[in-house]
Amino acid sequence: MADQLTEEQIAEFKEAFSLFDKDGDGSITTKELGTVMRSLGQNPTEAELQDMINEVDADGNGTIDFPEFLNLMARKMKDTDSEEELKEAFKVFDKDQNGYISAADWRHVMTNLGEKLTDEEVDEMIREADVDGDGQVNYEEFVKMMMAK
C-alpha cells in the first residue's frame with residue numbers, strides 16, 4: 001500500500017509523524033496521539049485512542065511506528081481518491097445531471113465507449129445495480145456496484 005506513495009508524500013507524512021511523535025523515539029503512543037488530537041479540538045477517550053492505535057498497529061506492540069503510519073495514510077488517501085473518481089464517473093453516466101442514471105443514460109455512455117449492447121442487456125445491467133427497484137441507479141447504488149467489481 002505505502003509503496004504507491006511518492007517521495008514528496010512520504011516526506012510530508014514523515015513531518016506529520018514527527019508532530020505526533022513528541023519524544024522523538026520513532027513511535028506514537030496513545031498519550032502522544034491524545035495530545036495531538038486534543039490540540040486539534042478533539043476529545044477522544046483512552047479506549048478510542050487505543051482502538052485507533054490498534055487499527056494500524058501491525059506488529060501489536062501498542063504503538064504506531066513510521067511504516068505503520070505510512071500504511072494508514074496510504075489507505076486514507078486511496079479511499080479519498082476512489083471516492084472522487086466515483087463521483088466523476090457517476091457524473092459521466094448521469095447525462096441530465098438529475099442524480100440518477102437511467103437506461104437511456106447508460107445506453108448512451110456504453111455506446112460512446114464502443115459497447116454494442118442490446119436494450120435487454122442495458123436493462124439487465126440497470127436491474128442488477130438498482131437496489132431500490134425504481135428503474136434507475138442513484139449514486140449510492142452506483143458506488144455499491146462499482147465497489148463490488
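Any Cβ shown, glycine's included, is placed from N, Cα and C.
From a predicted model like this one, the values you see are computed outputs, not experimental measurements.
As annotated by Swiss-Prot, Ca(2+) 3 binding site applies to D94, D96, N98, Y100, D105, with the evidence given as sequence analysis. DSSP classifies D105 (Ca(2+) 3 binding site) as helix under the three-state reduction.
According to Swiss-Prot, the domain 'EF-hand 1' annotation covers 8-43. For the domain 'EF-hand 1' (8-43), DSSP puts the residue distribution at 23 helix, 2 strand, 11 coil.
The domain 'EF-hand 3' annotation in Swiss-Prot covers 81-116 and rests on sequence analysis. Mean pLDDT for the domain 'EF-hand 3' (81-116) in this predicted model: 85.
Taken from Swiss-Prot, the feature N-acetylalanine applies to A2, supported by similarity to another entry.
Cβ neighbours within 10 Å of K116 (N6,N6,N6-trimethyllysine), excluding its own Cβ and spanning all shown chains: 7. What Swiss-Prot records for K116 is N6,N6,N6-trimethyllysine, and it gives similarity to another entry as the kind of evidence.
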Would you mind reading off the Cα separation of D94 (Ca(2+) 3 binding site) from K116 (N6,N6,N6-trimethyllysine), to the nearest angstrom?
19
Beyond the listed site residues D94, D96, N98, Y100, D105, identify every same-chain residue whose Cβ lies within 8 Å of the center of their Cβ atoms for the Ca(2+) 3 site.
F93, K95, Q97, G99, I101, S102, Q136
